[in-house]
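Listed features, source TrEMBL:
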- C57: active site, nucleophile (ACT_SITE)
- 165-292: domain 'GST C-terminal' (DOMAIN)
- Y188: active site, proton donor/acceptor (ACT_SITE)
- 335-346: compositional bias 'Low complexity' (COMPBIAS)
Amino acid sequence: MSAQDETPGAGAEGNASYGHKAFKRSKSHFADRVTADGRDGWPVEAGRYRLVVSRACPWASRALVSRRLLGLEDALSLGVTDPIQDDRSWRFTLDPDDRDPVLGIRYLSEAYDARESRYPGGVSVPALVDVPSGELVTNDYQQLTLDFATQWTALHREGAPDLYPEPLRDEIDVVMDGIYRDVNNGVYRAGFAPDQKAYEAAYHDVFHRLEVTSERLATRRYLVGDTITEADIRFFTTLVRFDAVYHGHFKCNRRKLTEDPVLWAYARDLFQTPGFGDTVDFDHIKRHYYQVHSGINPTRVVPLGPDLGGWLTPHRREELGGRPFGDGTPPGPVPAGEEVPVTGRP
Ligand SMILES: N[C@@H](CCC(=O)N[C@@H](CS)C(=O)NCC(=O)O)C(=O)O
C-alpha cells in the first residue's frame, strides 16, 4: 500500500509532517499484528485489547466503522480521546478523572511508553492496546481493519458481512490504493501544502479521483462487487468530513460533496446504514481540525456550518440494487455508552 511507502516525518500533526516541506504521512512505527494464530505474540482474544480512537480522525474512524459492522464491540472495548490534543498528544479528558477507565492512563502516550521507553515518534490513533500489560500493540491503521475482517472472524457477530472477500481482494486493493493516494491522503497534501504548486497538484488529484469514482458509482451501489467492503469504509471516512473540514480548512473547494449528486447520495446511503453514521461525531471532527491545525487556522475559530440536515434525507440508492451486507445482516444498535452525543449528530 502506498502509506507504507511514505517517508517518515515529524511535525505539528504528531507523526505526519507539514510546514516548509511537502506533506509526508509517516509510516506506522508499531506494526505488530493481532492474528488468529498469534504469530506476532498477539493472538485474537475476546476482552484482551482496547481500541483507542479519536472520532475526529479519518484513519481511526475506519476502525470504528469496521468494529461496528463486524460486531466486535463486546470482544474489543473502545476508548475515545478528546478531539483536541495538548502538548502530550491524545488525552482521555472525556472520561471521569481524565483517565481511560480500562487502561487507567491519562494520555495515550503512556501506552506507547509502556511498549517502548522514550519512543521518539508521534503518538497516533487508531491504537490497539493490550489491556493486561498496558502496552501499545499496533498503530498500523492500514493493516488494522484488514485484520479485523480476516483474522478476528472467530469473534465476529452472527451475520457479520465479509468486508474483504477473497475473490475481490485484488480489485479492492487497486480501488483503495487510488482512493488512499488521491483522496484520503490527497486532502491532507492539499491542506498542508507548503506552496502553491504542491497545493494545486494535490487539489487536482483529489478532484480527478472524485470524478472517476463518481462515474464508477453512478451505476453501482458500492465500490467493488455488490456489497459493502473495506473500500467503501475507507472512502466514506473522507467523504463524511469533506464539506465540514476539507472543503474550507484544506482548500479542496472545486465543489462540495453536496454538489456531486452521485457521491452525495452514495455517502448518505452509507451514513444511514447502521455502523457508519452512528460512529460519526461532526463536533469532534470540526473542533479537531480547526483548533489543532493552528498553522493553517491561526485564529482557531471553528465554523458553525455546514448545515448537516441533508445527511438524513432519502438517497434512493437502493434502486441500484446491491446487497449491503451480502448474505449477512445489519449490526444491532450502538452499545450503551458509545452513542455519539447530540452535539455531534445531524
Ligand atoms: N500516521 C499515522 C496514521 C494515523 C494518523 O495520522 N492519525 C492522526 C489523527 S487523524 C494522529 O493521531 N496524529 C497524531 C497527532 O495528531 O498527534 C500512523 O502512522 O499510524
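From the backbone N, Cα and C atoms, a Cβ is placed for every residue, glycine too.
Compared over the active-site residues C57, Y188, the count of CB atoms lying within 10 A of a residue's CB peaks at C57. The two recorded residues, C57 (active site, nucleophile) and Y188 (active site, proton donor/acceptor), show a Cα separation of 12 Å. The residue listed as 'active site, proton donor/acceptor' falls within a helical segment according to DSSP.
Across all of the domain 'GST C-terminal' (165-292), the predicted model scores a mean pLDDT of 98.
In terms of DSSP helix, strand and coil, the compositional bias 'Low complexity' (335-346) has 3 helix, 0 strand, 9 coil.
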